[in-house]
Amino acid sequence: MAHVVILGAGTGGMPAAYEMKEALGSGHEVTLISANDYFQFVPSNPWVGVGWKERDDIAFPIRHYVERKGIHFIAQSAEQIDAEAQNITLADGNTVHYDYLMIATGPKLAFENVPGSDPHEGPVQSICTVDHAERAFAEYQALLREPGPIVIGAMAGASCFGPAYEYAMIVASDLKKRGMRDKIPSFTFITSEPYIGHLGIQGVGDSKGILTKGLKEEGIEAYTNCKVTKVEDNKMYVTQVDEKGETIKEMVLPVKFGMMIPAFKGVPAVAGVEGLCNPGGFVLVDEHQRSKKYANIFAAGIAIAIPPVETTPVPTGAPKTGYMIESMVSAAVHNIKADLEGRKGEQTMGTWNAVCFADMGDRGAAFIALPQLKPRKVDVFAYGRWVHLAKVAFEKYFIRKMKMGVSEPFYEKVLFKMMGITRLKEEDTHRKAS
């Protein structure tokens, strides 16, 4: 009997645990380890940040749901991974031995890159976790009591730009509903992207035109090619550069309320494993999600290293979105199962297809990129009220999946396949490893 450990219980790790247990059955043991004892649906955090959703709407305790599927659950943070001995040391000092390890930890938020940008230090908030989103809402309520300048956007090195656009548009929409939009003296969007709608992936469809128009309609002044150097005394210090990376403007923006997506790094326990990660702490994997150094370690989601799609004047990263992450998870599960069944030569690849819904207040933006990284076979970006409704429905659907203990229900698989969207490169399912 082999012991497979999933490290991390987010939108990658929790589906991975369910899918792994379903694939391996009772003949092998599956353990899920998470620093949190609850699951949170991170894509809904922008709503929490303005009070449109509460914590209990998007988060729930993990243990009951995974243990009834025969998955062992440990609510402890991993402090160290000994890849040679195949042991994980937990925060309480206990160790867990594994035969196979799948890393799905998500990121460490690199607030230290920009002095004063930590939500606990000043006016700039984060919505990367539900805890941060709740704090952002508390600060937003303070803004409503005493209006002032708003700055929202993404830091240099950020890779998850969608939520920045979402939150900016949602805040603008909420202010209008409250009759307070005209009380905000300035509303600024600051991004490290070379142009609006780049999204870290050279844009999708007409994302540039649609998002530029959306920000303009809301009266939000946008600046691209920007890096925030520090936040101090309710001021944000920003440097804007040209196409060659040369400084063209230094700005000091007043900020009563802000939200900036930080750059990501790998979590310390993972980043500290010799030869496992790149300098940023992200796991170096091959096209089958397997570590390039350790054959029994796999990784999926934000935890893996994906090079930027292009060199930009201000550093930007490539995002790892929901369906793309599920694609990675499915490939890793297939390959671990093949190993355990003595079929180590058979390798499966994920498609890395991306389907994303972003709420923009009373409207929304959706994109389908097959695959997410260019060159693409499908490249569509759409905008309208239907996307807002679709995201509301998807949140409820995904949370229900996680409570039911199913990674990919058959009807989801059939429906997506009819649309030409699959998790795995089926033609490579039995591809022989070179």
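Note that Cβ sites are derived from N, Cα and C of the backbone, with glycine treated the same way.
Per Swiss-Prot, the features are:
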type	residues	note
ACT_SITE	Cys160	active site, cysteine persulfide intermediate
ACT_SITE	Cys356	active site, cysteine persulfide intermediate
BINDING	Gly8, Ala9, Gly10, Thr11, Gly12, Ser34, Ala35, Ser77, Ala78, Ile302, Gly322, Lys391	FAD binding site
Least buried by Cβ count (within 10 Å) of the binding-site residues Gly8, Gly12, Gly322: Gly322
Inter-residue Cα distance where the pair is Gly322 (FAD binding site) and Cys160 (active site, cysteine persulfide intermediate), in Å: 12
Euclidean distance between Cα atoms of Cys356 (active site, cysteine persulfide intermediate) and Gly12 (FAD binding site), Å: 15
C-beta crowding around Cys356 (active site, cysteine persulfide intermediate), within 10 angstroms: 23
Which of Gly10, Ala35, Cys160, all recorded positions, has a Cβ with the fewest other Cβ atoms inside 10 Å: Ala35
Close binding-site residues near Cys356 (active site, cysteine persulfide intermediate), where close means Cα within 10 Å, chosen from Gly8, Gly10, Gly322: Gly322
Other CB atoms within 10 A, centred on Ala78 (FAD binding site): 24
For Ala78 (FAD binding site), the three-state class that DSSP assigns: strand
